[in-house]
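Take a look at the structure set out below.
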Amino acid sequence: MHDPPSTGRPKIAVTVGDPTGVGPEIVCRAVMRPQVFQHAMPLIVGDAMAMERAWNLLSSNAGRGPRPPWVQASERDPWGVPPGSVPLLSPVPLHLEDIPYGDPSEKAARSVIRNIEAAVSLALQRQVDAVVTGPIHKGRLHRSGFLFPGHTEFLKHLTGARTVVMMLAGPKLRVSLATIHCALRQVPELLTAEGLADTIRITGEALIRDFGLAAPRLAVCGLNPHAGEEGAFGREEIELIRPVVERFEKESFRVSGPHPADTLFWRAFHGEFDAVVALYHDQGLIPVKLVHFDRAVNVSLGLPIIRTSVDHGTAYDIAGTGKADASSLLEAIAVAALMARNRRAAEAG
Ligand SMILES: NC(=O)C1=CN([C@@H]2O[C@H](COP(=O)(O)OP(=O)(O)OC[C@H]3O[C@@H](n4cnc5c(N)ncnc54)[C@H](O)[C@@H]3O)[C@@H](O)[C@H]2O)C=CC1
Ligand SMILES: NCC(=O)COP(=O)(O)O
């Protein structure tokens, strides 16, 4: 057995995601960066063939240098690789015909799911300190029988967590979502007092424990235009949101709202709040991606493990062209490492 995860640089399992999207390319770009190894020990979980193809693409564009030192590893002893190398776990080895760009075979889709399971299992066994996920194509996975809307809900299931909150965190704007992957017309019925209260509490506690803020300020969006305009444009603000916000008067984090959503993100971006609680996916993700598409990180809060992810998708339109930007993945690794260090410090008292 090798270094326990409680010492040294955090060990981070990085899943490649869909092998026919930009995942392998951005993972390859990330492990070509020496800075990554200053704050983390990455372990790649994904198909070896897809990783070799990504390396060939990048080296043919940029001139051949040494290939990043990934070495096939086993799930039983994932860190049992030579010093200086990066373990690569490939639970379901694929052939090239399984992974034409933008079109994963049935087997490739199954491998995506299996890779996530393997990374989560390593985190639950504390063989790694955190999991960082590459992008998956939800539609293609659903076609292959995947029952979950996305990683977030799958990770809740795999870890047995009671609830999970999706946060998108960028340098100047953090947003948590009270509802995640659902049709817009379902939002009002899925928005419950208990669900909203969980989102607020989990976000406030994570800002303190994982992000190191002393007294975070949270602001909750209204659902309707102008936060309902005193009931003229809807009553959710009066009947649901305000009573939940009032429950948080005596916490170590401050909560205000409901605020009109059209101006709230601008106020948060300029420093008035540490996080915004948005009520549905696009209300929160449009502003974050508008200002931070290259830097934002998707963080799953409320799980017994640390999980971060890129904010972007599989980008099939540019897969195989060598144009993918790895900035969001690099941030996701850096944020996971920071969270792991903060949790260690909290555990050590
Ligand atoms: N973390 C994850 O697993 C996520 C997965 N998705 C999934 O991805 C699939 C495709 O989603 P889309 O809405 O098309 O979003 P997308 O993020 O894949 O692409 C949107 C636009 O951004 C560009 N882009 C994305 N990533 C880039 C990168 N690293 N470098 C340069 N340009 C990049 C694409 O070329 C495209 O023009 C969907 O199935 C969606 O569910 C979407 C978001 C997150
Ligand atoms: N828009 C964010 C997104 O869809 C990512 O979802 P997940 O796969 O991290 O649950």
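One-based numbering along the chain as shown.
Backbone N, Cα and C define each Cβ position, glycine as well.
Quantities reported herein were computed from a predicted structural model and do not represent experimental measurements.
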Task: Identity of the substrate-site residue among Arg143, Arg307 (reference: His151, Thr152, Lys289, Asn298, source: TrEMBL) - done: Arg307
Open item on the list: For the divalent metal cation site that TrEMBL describes with His226, His281, which of these is also annotated: His142, His157, His181, His312?
Closed with: His181
- [ ] Would you mind ranking the binding-site residues His151, Lys289 by how many other Cβ atoms sit within 10 Å of each Cβ and giving me the lowest?
- [x] Lys289
Task: Same chain, 6+ residues apart, C-beta under 8 Å of the C-beta of His181 (divalent metal cation binding site), given in sequence order - done: Lys138, Pro149, Gly150, Thr152, Glu153, His281
TODO: Could you round the CA separation between His151 (substrate binding site) and His226 (divalent metal cation binding site) to a whole angstrom and send it over?
DONE: 33
- [ ] Consider only the binding-site residues His151, His226, Asn298, Arg307: which of them have a Cβ under 6 Å from an atom of ligand 2? Write none if no residue does.
- [x] His151, Asn298
